[in-house]
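K.L.:
Mind looking over this structure? Questions follow.
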Amino acid sequence: MSSVSSEPVPPVQIVTGEGTYNVDVSQELRNWNFDKQGLDYYLVAVLGCQSSGKSTLLNLLFGTNFQVLDVSKTKVRQQTTLGIWLGNSLQNNKSILVLDVEGTDSKERGEDHASWERKTSLFSLALSEVLLLNLWANDVGRFEGANYGLLKIVFELNLKLFYTDKRNKTLILIVFRDYDEETHGTIQDLGKTVSTDIENLWLKMTKAEKFNTSSIYDFFDIQYVGLAAKVNKVQFAEDVNKLKLRFFDEEQTLLTKKYKSEIPADGFTEYASRIWDTILQEKDLDIPSQKIMLSIYRCDEIAKKAYASFESALVGMKTALNNSQIMENFAATGKALVDKALGEYDGASMYYAENVVKDKKKELETQMEHQLQVLFASQAKLISTKWKNKFDEIFREQFKHPTPNLKYRKIVNDLKKPVIESYDNEIAEATIKEYDWSITINSEREEFLRHIEFNIQLGLQKQLELFSNKILNHIIQEFDVEFMKLFDAPQIPLWCTITAVYQKEYEKGKEEWADTLGALQVKDISKEMTVFEIKSSGKLYTYFKEKTADPYLMLMQKFSSKFEYGEDGTIRSWHASDNVKEIWRQAKLYAEKYLDFFSIFRLDESDQELHFYEVKGSGIELVSQLPKVEESKILISKKDCEKNLRIFRTQIQSPLRGALKEVENSKAHQKVPAYFIVLFMFFAADEVLSFFFFSPVLFFLTVTAVVLLYKFGMMAAAADYVEAQVTRITKDFIYTKVFNLPVASPVVPRKPTWESRPKAHPEESKQMEESRPSEELSVGQEEEMYESLPPPVDDELSSKKKND
């Protein structure tokens with residue numbers, strides 16, 4: 001019990017004369033340090049007629065300062081105590097609350113006094129453990145004078161307080177005022193008289209059925225005491241001191257636990273306020289329920305206070321976590337804060353209803369656990385982030401050089417195992433074992449593992465990409481070797497042949513890809529095989545797209561291979577006997593067929609018959625009804641085909657003219673002038689005759705060879721060859737004998753291949769485009785134009801023909 005001051009304190013009005021509860025009472029009781037008393041206090045109330053000396057008696061017994069009637073000043077008896085006042089006894093280190101209640105049957109209340117008396121009596125009875133009832137000794141035996149009406153009210157109201165549950169008895173101490181033994185007899189005799197009257201009063205009362213067989217003494221202990229008249233100062237003081245001892249002497253005290261109402265001191269004002277509100281609303285006053293309600297109210301307040309202290313202590317943890325700092329000793333720190341808050345709660349709530357205390361304690365702990373769980377979620381997320389970053393770091397370091405590795409699965413399993421173990425250990429250290437945070441732990445762990453698995457899958461996809469590219473590139477490389485043989489062959493290849501060649505290489509790669517998927521432990525092998533097939537088709541399409549990137553060069557290369565080079569791959573020499581135009585038309589058609597051939601990607605058998613062009617005459621023309629071709633299967637668009645075809649047909653005019661010119665020159669060289677023959681016969685007759693007579697066989701063979709060369713138009717070629725050999729021998733002689741220089745080996749021109757084709761130059765392509773005809777010529781128009789071309793000859797040769 002807390003110590004109290006011995007100095008008297010002024011009382012406080014708890015209920016005003018108008019019936020309003022004073023909310024400031026709680027502050028006054030805190031000023032008295034009463035809220036620290038726990039259950040170590042008692043409450044004594046006094047009831048009685050107006051001006052019967054109730055306040056005076058309380059001041060004398062308990063050292064209070066209630067206002068008392070001073071007839072010497074007022075000259076009349078009048079109401080002194082208005083409403084209900086509360087005082088605090090500060091004697092003998094005991095804490096006793098004292099209620100001084102407005103007197104009954106006051107003229108000031110008028111006809112409303114009965115209702116008021118009922119309310120104040122019920123309020124006093126509900127709160128007090130000892131009820132002093134002031135009676136005039138001379139009025140014993142009279143109903144009104146002896147305040148039996150007030151007693152009846154007290155008894156009836158008490159039954160209502162006991163209606164739902166049983167409470168401790170209340171001590172009614174009847175004080176006979178102005179008692180004189182000679183006049184009134186002994187206290188025992190007066191007590192018997194009053195006891196008989198009380199028992200009869202009890203029997204005549206209307207009671208609930210459950211109380212019909214009960215006795216007045218089941219609810220009350222009744223004791224009696226007499227006080228001499230105040231005018232008899234010595235005897236009055238002696239009687240008051242004897243009565244005072246019965247309150248403060250431990251051996252004969254009236255204040256025992258059997259009367260305790262067990263309302264904790266810190267909840268008294270709230271409890272009193274609820275009681276008065278219920279009385280004013282004229283509801284049945286259920287004391288046990290009121291105690292439960294008080295326990296709920298006070299335990300709520302205590303829990304809130306403990307939780308506020310707990311939250312205040314959490315500020316440091318919150319700040320650290322908000323700054324993305326992992327809390328060291330999270331579990332130990334959090335549990336210590338919870339235990340401290342629960343200790344505060346237990347200390348302040350120990351006097352309230354046990355069930356309520358337990359329930360509210362559980363709510364408080366749940367509330368604190370929830371708050372800690374929120375912080376734990378943040379802690380777990382930081383731990384997760386820490387080990388995610390750690391895994392990402394070692395994963396990047398391990399695979400910083402992207403190379404395909406069939407041991408990828410083993411490597412990543414060895415990487416992730418220690419990371420996951422470290423994560424689990426740190427999470428376990430941060431977990432308060434008494435709380436079930438499995439949902440948060442499992443949720444965060446699943447997210448952590450998803451992150452790791454996501455990175456592993458990304459790495460796996462990278463491995464699959466590396467392996468698939470490696471295998472597909474090998475397929476294309478092997479296919480390219482076979483395809484170039486087909487492409488460089490004299491005949492145009494068939495797409496079915498190309499497909500068969502590719503399929504052969506693809507099957508080898510497909511088998512290797514299946515083995516790779518097994519080694520990498522890929523789950524959905526069927527899906528990856530489908531993806532591989534699609535990528536393979538795309539890779540082949542890209543291959544042909546690159547091959548056909550410059551259609552003009554392809555056309556020129558194919559045309560040149562047929563027109564400018566012979567069957568053996570050497571540069572063609574044109575002779576008078578050559579049908580240049582026919583060869584040119586065949587070379588042109590051959591090249592243009594390649595344009596149509598490579599315009600559409602026809603790997604699927606269903607696409608074999610798709611064509612933009614058809615053969616007409618010595619060239620190709622657009623088909624009358626163009627097919628619908630998917631964009632993904634077009635290698636050279638129709639627009640690009642038309643454009644390059646126009647340029648090609650324009651540019652191949654020049655080789656044609658050159659060939660025709662060479663043929664005309666050959667014919668001109670074969671015509672020997674008549675004067676040359678006359679001169680030859682004149683100057684060489686004797687050598688010829690000599691050659692004929694001395695070697696007729698050799699002469700015959702020489703003449704035959706000359707005739708054959710002339711007949712087949714090879715005379716000019718032979719002359720050119722002889723001239724070239726004489727020139728070369730002469731140059732070699734000068735270089736070696738005169739200047740002492742080495743002789744270079746002759747370069748033999750070969751037939752161009754696809755890989756050695758010249759690269760297009762932007763300026764050259766632009767000039768070709770500008771030089772092309774404004775309108776495309778049909779095959780017939782081209783032939784007419786070629787027929788009308790005059791044979792190109794040298795000016796010197798033309799003049800000579802005119803002179804001849």
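Keep in mind that glycine also has a Cβ here, set from the backbone N, Cα and C atoms.
Just so you know, TrEMBL annotations are computer predictions that nobody has curated.
Heads up, here are the entries from TrEMBL:
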type: TOPO_DOM; residues: 1-671; note: topological domain 'Cytoplasmic'
type: DOMAIN; residues: 38-272; note: domain 'GB1/RHD3-type G'
type: BINDING; residues: Gly48, Cys49, Gln50, Ser51, Ser52, Gly53, Lys54, Ser55; note: GTP binding site
type: TRANSMEM; residues: 688-710; note: transmembrane segment
type: TOPO_DOM; residues: 717-804; note: topological domain 'Cytoplasmic'
type: REGION; residues: 749-804; note: region 'Disordered'
type: COMPBIAS; residues: 752-775; note: compositional bias 'Basic and acidic residues'
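Have a look at these and tell me how they're positioned relative to everything else.
P.N.:
On the 0 to 100 pLDDT scale, the model's mean across the domain 'GB1/RHD3-type G' (38-272) is 82.
Following the DSSP three-state reduction, the secondary structure of Gln50 (GTP binding site) is coil.
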K.L.:
Which residues does Ser52 (GTP binding site) neighbour through Cβ under 8 Å, counting only same-chain ones at least six apart?
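P.N.:
Sequence-distant Cβ neighbours: Gly103, Asn134, Trp136, Arg177.
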K.L.:
Other residues near the GTP site, CB within 8 A of the CB centroid of Gly48, Cys49, Gln50, Ser51, Ser52, Gly53, Lys54, Ser55?
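P.N.:
Here the non-site neighbours turn out to be Gly103, Asn134.
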K.L.:
Output, ordered by sequence, the same-chain residues six or more apart from Gly53 (GTP binding site) with a CB under 8 Å from its CB, or 'none'.
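P.N.:
The answer is Asn134, Arg177, Lys230.
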